[in-house]
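According to TrEMBL, the domain 'Helicase MOV-10 N-terminal' annotation covers 10-57. What TrEMBL records for 66-96 is region 'Disordered'. Annotation comment: TrEMBL describes 83-94 as compositional bias 'Polar residues'. Annotation comment: TrEMBL describes 179-270 as domain 'Helicase MOV-10 Ig-like'. Marked as domain 'Helicase MOV-10-like beta-barrel' by TrEMBL: 375-415. According to TrEMBL, the domain 'DNA2/NAM7 helicase helicase' annotation covers 468-551, 578-652. Positions annotated as domain 'DNA2/NAM7 helicase-like C-terminal' by TrEMBL: 662-807.
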Amino acid sequence: MVKQTLKELRQIGLDFYEYLKETNRTSITDKERLKEIYNTEFRNRTSDVRDPRFCSVHALYVDQWSSSRRPRPPDQREETAAGVSSVQESSSPDQAEIGVRVRRKLACDLLKKLKIQRAEFTSDKHGIRITSEELFTDGKIRLCVESLSEVSHSEHSSKPNNDKKSLIENVNCFLVCLQYTLYLNIENTSSQTVHFIYYTALHWLQFFSLEDEHRVTKTNPLALDPGKNYEIKVKFNGSAIGFHPVTLAFEFKPDLTSSTSFHIVRFIEAHCMTSLGKELAPAAPYKPRSLPAWTPPTDLTIVDGLPPEGMSVMKLKNEVELKPYRIPDFMNPLLTALKLQTSSNDKRKAVLEASLTWENYAEKFKLMLFLEELQMDKKKYCGYVHSVQLDRVKLGFSSELLQIFIEGMKFNIEFTINRLTLRIQHRAAEFAVRSGLAPVLFPAAPPSPAPPQNLPDLKLFDRNLERNPEQYQAVQHIVAGSSKPAPYLVFGPPGTGKTVTVVEAIKQIEKCKANCHILACAPSNSAADLLCKKIRDHVDESLVFRMYASSRDPELVPEELKACSNLVGDCYVFPAKEKLMEYKIVVTTLLTAGRLVSGNIPMGHFTHVFVDEAGHAVETECIVPLAGLLNPESGQVVLAGDPKQLGPIIRSPLALKFGMGLSLLERLMTNFPLYQKNNDMFDNRFVTKLLRNYRSHPAILEIPNELFYERELQACADEYQRNFYCNWEHLPKRGFPIIFHGVTGLDDRESSSPSFFNTAEVEVLMGYVRKLLETDGKKGHAKLSPRDIGIIAPYRKQVQKIRKGLHIVQKDFKFKALSEIKVG
């Protein structure tokens, strides 16, 4: 017998429960009696289907209904809650057999046909009309079901017969009473009698129930004489905010014995919301912007605009040329050949398809950078952006344009990418070859066996690291330079202290090596700022310089870093080369390090180059602070990151195919034996894997630990802090501090904004925020401030709706500033 999946077992269990319901035996709870009914009546009722043993179905039945945290099965006195019509009571297995498998087969057939012939099935036909007091549009009714009240858990649990709802409240954070009754009217407008023989929901739903006076089934049809009406009562009684659709199918026959049946389908959508949801609803129906058709002129003269006054003072002269690196003519035919996968004698195609080697290093990366650029939009502009404000952009155009400008004139506006970052990466690939970085980028295998080493005995600034052997050992090897000329790698999952280890190594090198000059980099400004803040804790501020690009918004520079940065007032000042070389530690982003190359800082001046979050950057970004600055014979490179986390973002599928999505960190760990395990151990001269997680609860670590980190991670977060809310009353499972909350909401848009939002998700989210802040310091829980809460959303409009929701909820928390909750 083929083993059924859990999903198939669940469906069979639901079928069996429907069978019990249709034979009026849902009150039976005795296991042996249920087993007898299953084996003698239900299991072998069709010859072509062999159901599993009773124990498999009974286990699901017990798991579904007996848990104290789950709703109980409805008994025979309850209304049908699965979106399936009530049926005539019967104890006959033969009659009930009509309902179970037949219903499922009908649903599958109709749902398939609806995709192709929707109009046919939603149309009234053969004189039968299905209407309602609510207007059907294309066979669909949309109901807005607003909460009658919000009931607290304590209030609700004191009320009788509310076990099911109160249990739902425990998951949803708050209970809402959502009720609606809709009457569907079936009218026979023909001149002949039509038999109403069956109706059902085409999928199982929790909150809908159907009632009719005659209890129509195939064994109990209803004859609708000409001009007669019949009413179906659709009740929605739910407690879950969100979007709840149901598809109802009605079956009719002109003649019970000889004619073919026909179907009419109706769709009902219940949008359940609280008053908060109404305030967050779309401000206006979504209407995409219609752009006028425009054919760009082929013959035009571009009048240059007015560039903004520089936001920087450039004392660091550009002595090393940064070429334009325009896309060469051969790239378009090469791109065509790659897309069509045609044979070509072009040697560049062979270079792309070959593995990355030192011999093709610069050429292959330049080709992949061109491929990535070709994927981008290439547009041109005539003006300059002077500033970007909240809802407007300040542009500088030529005075010639301003002279002819008339209020209300319309323009076709084009923008182009800034190629500076691409040019910097092109130069880095060239300079990597020119400066001989092969021992760094393609390190040789280590000697075997390893020679004995004398590692320095260090007194760490952060004494906590001394209790972590992996971190302490990594700092020792970095200070000793044991991996040179190969890079030293520090990797591990989030929360294991990679940045702390890097910062400690930087401080120890500055302390122990008098002639050192350190360049510390990260892919983003936020990561570079964090590095700089931690470095300054134990290093003289006059020795540290945080260099920002002139494009960085001055308002985003942290207050504590302004004194040691190149921000002077609202202007960025780039010191002369001689002044820059006086600093012991320079902190920049990877691409801003290109300024140092352009300024012709001598190769070898920086003795150590550190790159934090190296797994997030493409390799050509990662080598910007190396190519032209690092002496491969004497310099030390340290890369910290996690190849298992999100890697570089590459838009060109071809560049991705040929290897540009592989970070330098991941390439080294994947392709070079010195960074791989030997006899189940890493060589600590070249790489350290951090194993102790100081951030997360063991339950959060379990899955990534098993999938990615070979079950080596150790949960070392402070036990008191990580268990702050493990016994929170609203957790589905005490001791497991994660809630996966599925919301049946609807992705929506408003006005002309293309960004999506989901009001049901925001409503549920605000419920959790309320409960967290209401719990603050009560029932033994730790105090919680709004600044301790962070919210992440995928879309800009969803972020806006969440902030609006927090503003609305703010009135209930007069003494807490919900604006301090971080949303992004």
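Placed from the backbone N, Cα and C atoms, the Cβ positions cover glycine too.
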**OP:** Summarise the model's confidence over the domain 'DNA2/NAM7 helicase helicase' (468-551) as a mean pLDDT value.
**Re:** 94
Original post:
Where DSSP helix means H, G or I and strand means E or B, what are the helix, strand and coil counts for the domain 'Helicase MOV-10 Ig-like' (179-270)?
Top reply: 0 helix, 58 strand, 34 coil
Original post:
Per DSSP, what is the residue tally for the domain 'Helicase MOV-10 N-terminal' (10-57) in helix, strand and coil?
Top reply: 29 helix, 0 strand, 19 coil
**OP:** Please work out the helix, strand and coil residue numbers for the domain 'DNA2/NAM7 helicase-like C-terminal' (662-807) from the DSSP assignment.
**Re:** 57 helix, 13 strand, 76 coil
